[in-house]
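A short worksheet on the structure shown next.
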Amino acid sequence: MQTEHVILLNAQGVPTGTLEKYAAHTADTRLHLAFSSWLFNAKGQLLVTRRALSKKAWPGVWTNSVCGHPQLGESNEDAVIRRCRYELGVEITPPESIYPDFRYRATDPNGIVENEVCPVFAARTTSALQINDDEVMDYQWCDLADVLHGIDATPWAFSPWMVMQAANSEARKLLSAFAQHN
């Protein structure tokens, strides 16, 4: 895969430039554009993934299915499809917006900061998974209600962005409706 960049944003969310992805994520990460996706199978189960130990931020942490950064000239939806293919080797239905104005800042225990405008999407898988071990060390298909209960009971076991997304009542409602619509 070619070198990825992040699209830097000002406080109003307007693009101001780009920076190489790994150089962008530091203890003083600038606001940038990202996306987050929750993938479901035909049974309505959510794919929860565990980040590879080689990841710069939150290694080994359980999270929602796939996250990433759109590239210049790429729509968020196309970026979701690209990263699903790269990380999971999977084809998906067109991504649907779940939480378009999600924005967060969180600091990893090693000091790396995420500072993102991060629209959230849901999609269904349409092929078998072919996991990229450089990205994902483990995965599990789970009932959404069980995952949400786990997040509520043990938020420290999940990525902060997943916890914050699940805490939004409208996003939770839309994810539940998406999971039930087979």
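Cβ atoms are placed via backbone N, Cα and C, with glycine included.
Residues or ranges marked as active site by Swiss-Prot on the basis of sequence analysis: Cys67, Glu116. If you look up Swiss-Prot, you'll see His25, His32, His69, Glu114, Glu116 marked as Mn(2+) binding site. Here Swiss-Prot flags Cys67, Glu87 as Mg(2+) binding site, drawing on sequence analysis. Under the heading domain 'Nudix hydrolase', Swiss-Prot lists 30-164.
Nearest neighbour of His32 (Mn(2+) binding site) by Cα distance, taken over the recorded positions Cys67, Glu87, Glu116: Glu116. DSSP places the residues of the domain 'Nudix hydrolase' (30-164) in helix, strand and coil in these numbers: 31 helix, 48 strand, 56 coil. For His69 (Mn(2+) binding site), the same-chain residues 6+ apart in sequence whose C-beta sits under 8 angstroms from its C-beta are Glu4, His5, Val6, Ile7, Lys21, His32, Leu33, Ala34, Phe35, Ala79. Same-chain residues that are not part of His25, His32, His69, Glu114, Glu116 yet have a Cβ within 8 Å of the Cβ center of the Mn(2+) site turn out to be Val6, Lys21, Ala24, Thr29, Leu33, Ala34, Asn115, Cys118. His25 (Mn(2+) binding site) has Glu116 as its nearest neighbour among the recorded positions Cys67, Glu87, Glu116, going by CA to CA distance. Counting other Cβ atoms within 10 Å of each Cβ, the binding-site residues His25, His32 show the lowest value at His25.
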